[in-house]
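Asker: After the structure tokens below, expect a handful of questions from me.
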Amino acid sequence: MTDEMDALLPDTGSAEDPDVGVISPTVGILGSGDFSRSLAIRLVTSGVSVAVGSRCPKRITPGLFPDAVELTSQERAVTLAEKVVFVAMYPEHYSTLSGLRAGLQGKVLVDVSNATELNLSGPSNAERLAEAFPECSVVKGFNTLSAWALQTGAQDGRRQVLLCSDSLEAKNGVSSLALRIGFHPLDMGGLIAARELEVAPLRLFPSWGSSVLLLFLLFLFFYGYGFVRGILMPYLAHGRNLFYRLPLDLVNETLPAVALVSLALVYLPGLLAAVLQLSRGTKYRRFPRWLDRWMCGRKQLGLLSFLCATLHGVYSLCLPLRRATQYRILNGAYRQVKAGVEDVWDEVEVWRSDLYLSCGVLGLGVLSILAITSLPTVGNTLNWREFTFVQSGLGYAALTFSVLHTLFFGWDFTFSSEAFPYYLPPSYLLAVTLPCVVLVCRLVLVFPCLANRLSRIRRGWESRRRCPVMAASGTTPEV
């Protein structure tokens, strides 16, 4: 890789600048916008000489670029560039580069532009640039990086630079340059892949679509169910006006139900995968496509569950501030005084509320740890055993605390006929069903007869009747 870099960026043998302290060939950048400035800063701090070409160099504000960067005209920047020239311009201005054709001949043009709309029809910007300059080697890359990402940290090797080009030599050279400035290059193939790379920054959370849709549907279901059961039916049956509960009470009842079901859906696909492996007797058969997609979306579901749980906590803290709560307290105190009751202490209710709140706080706290370790900057510092313990062990602990939080809230009220007005069960009873099923299934898989077999399968053991080769030869697989 170093030899390829040297081929693209030959050593000019120039003397070292005592003020800059850099010995390197020059990389050209056409354009003087924010991306050009950030790229120039990154290149200079990595020991690369930079010449920035602008249509009007005099209009550039002094101090905007580092002193080590030479701000000049486009013609001179192309002349100073040894081999690599970044085209940091909008595609509609590519036609203005026609006068630079002679200076660009034989050089590598790195196109950093993005598409303006999600339309894959027609040639990409990089393909149009290659067509306009057939004497140059065009490389598509760096377009998925923002100007902010280029300036954060001297060596941010965790960020990928997606590259594609029809010239292997040019692509390898730009890959070496990406490594030199602290990024991780990823070869995406020929220049035809530029169409996909250019629309990638336009997609809004592409891996979150299914999870967000599922969360929205869950919220819509529980909110609608609570509206029908707690607001609409009392109004139709008894004329009670409870519509004031819509903006806060009903939302606060819906959020924990959605959070609980979402968290259960994070761990349900892992249990289904374990059941499939146990029934098949092998780990080498692919899971169904729907299960693969489900398992890939568990991180998003978990973070959305944490969001709903956090909002539920905030909403709950706001409940005492409502006028409705203040009126209820005053009405309750008036009825107590009128009835002549001096002490309404209820030991059972005290225990119930304390256990209910304690489990809720613990569940949210553990869920917070899961959310924090889902961040790449935190997760990358954990080894595999630590990450598995947090995401699996603590994850089931968070689910258990959340279920206990719900069960303590219901207590014996679930078995009362008053809990089923209009023959409709309470929302929390619907929400706790799936998490309880997940926890019971997890406990079943802990049994040694199943746990040992599953562990052997995941270490490569296969059932003889599931492996045609071993079934025919009568051999026993080695673990």
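The backbone N, Cα and C atoms fix where each Cβ goes, glycine too.
If you look up TrEMBL, you'll see 26-114 marked as domain 'Pyrroline-5-carboxylate reductase catalytic N-terminal'. Here TrEMBL flags 212-237, 257-279, 300-322, 355-375, 387-408, 428-451 as transmembrane segment. Taken from TrEMBL, the feature domain 'Ferric oxidoreductase' applies to 258-399.
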Asker: Can you name the far-off residues of the same chain, 6+ from the ends of the transmembrane segment (428-451), with a Cβ under 8 Å from a Cβ of it?
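Answerer: Residues 222, 225, 253, 256-258, 260-261, 263-265, 267-268, 271, 274, 278, 396, 399-400, 402-403, 406-407, 409-410, 414, 419 contact the transmembrane segment (428-451) from elsewhere in the chain.
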Asker: Provide the three-state DSSP residue tally for the domain 'Ferric oxidoreductase' (258-399): helix first, then strand, then coil.
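Answerer: Residue counts in helix, strand and coil order: 119 helix, 0 strand, 23 coil.
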Asker: Given the transmembrane segment (355-375), which of the listed stretches 212-237, 300-322, 387-408 has the most Cβ pairs that are under 8 Å apart from it?
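Answerer: Comparing 212-237, 300-322, 387-408: 387-408 has the most Cβ pairs near the transmembrane segment (355-375).
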Asker: In terms of Cβ proximity under 8 Å, which residues at least six beyond the ends of the transmembrane segment (212-237) contact it?
Answerer: 205, 243, 245-246, 250-251, 253-255, 257-258, 261-262, 265, 300-301, 304, 308, 421-422, 424, 426-427, 430-431
Asker: Write out how many residues of the domain 'Pyrroline-5-carboxylate reductase catalytic N-terminal' (26-114) are helix, how many strand and how many coil, based on DSSP.
Answerer: 36 helix, 23 strand, 30 coil
Asker: For the domain 'Ferric oxidoreductase' (258-399), report the average pLDDT of the model, please.
Answerer: 91
